[in-house]
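Enquirer: Copying in the features that Swiss-Prot gives for the protein in this structure:
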- 1-16: signal peptide (SIGNAL)
- C34-C82: disulfide bond (DISULFID)
- C42-C75: disulfide bond (DISULFID)
- C43-C61: disulfide bond (DISULFID)
- N46: N-linked glycosylation site (CARBOHYD)
- N65: N-linked glycosylation site (CARBOHYD)
- C83-C97: disulfide bond (DISULFID)
Amino acid sequence: MQFIASILAVPAVAYAVAIPDDNSATGASKGSTCATGAQVACCTTNSSNSDLLGNVVGGSCLLDNLSLLSLNSNCPAGNTFCCPSNSDGTLNINAQCIPISA
């Protein structure tokens, strides 16, 4: 019985992950919004360790829905940024990201 339940659970989890819900933010991005053309991202650089303006380059960041999968649904405090995105929805890895203050 547990085998059948686990077989049925895998597609359900894959379906839930494949359809991101833009209205339900989790982790450090709750209530955070970015300007048009930018998206919430979780970065490997803490904003306290970034340059004088508090910016990091987008290459060290992942979009929120991808980063939550790799970080077990939790972006560490101080690692949430607004990063400029390309027209196809991917991050512009050469542009600077701006920290989101909690």
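Cβ coordinates come from backbone N, Cα and C, glycine included.
Give me the lay of the land around each of these features.
Expert: Using a 10 Å radius centred on the Cβ of C82 (disulfide bond) and all shown protein chains, the other Cβ atoms total 20.
In the three-state DSSP reading, C42 (disulfide bond) counts as strand.
Classification of C97 (disulfide bond) by DSSP places it within a strand.
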Enquirer: Quick one, of the disulfide-bonded residues C43, C97, which Cβ has the fewest other Cβ within 10 Å?
Expert: C43
Enquirer: What is the separation, in Å, between the Cα atoms of C42 (disulfide bond) and C83 (disulfide bond)?
Expert: 9
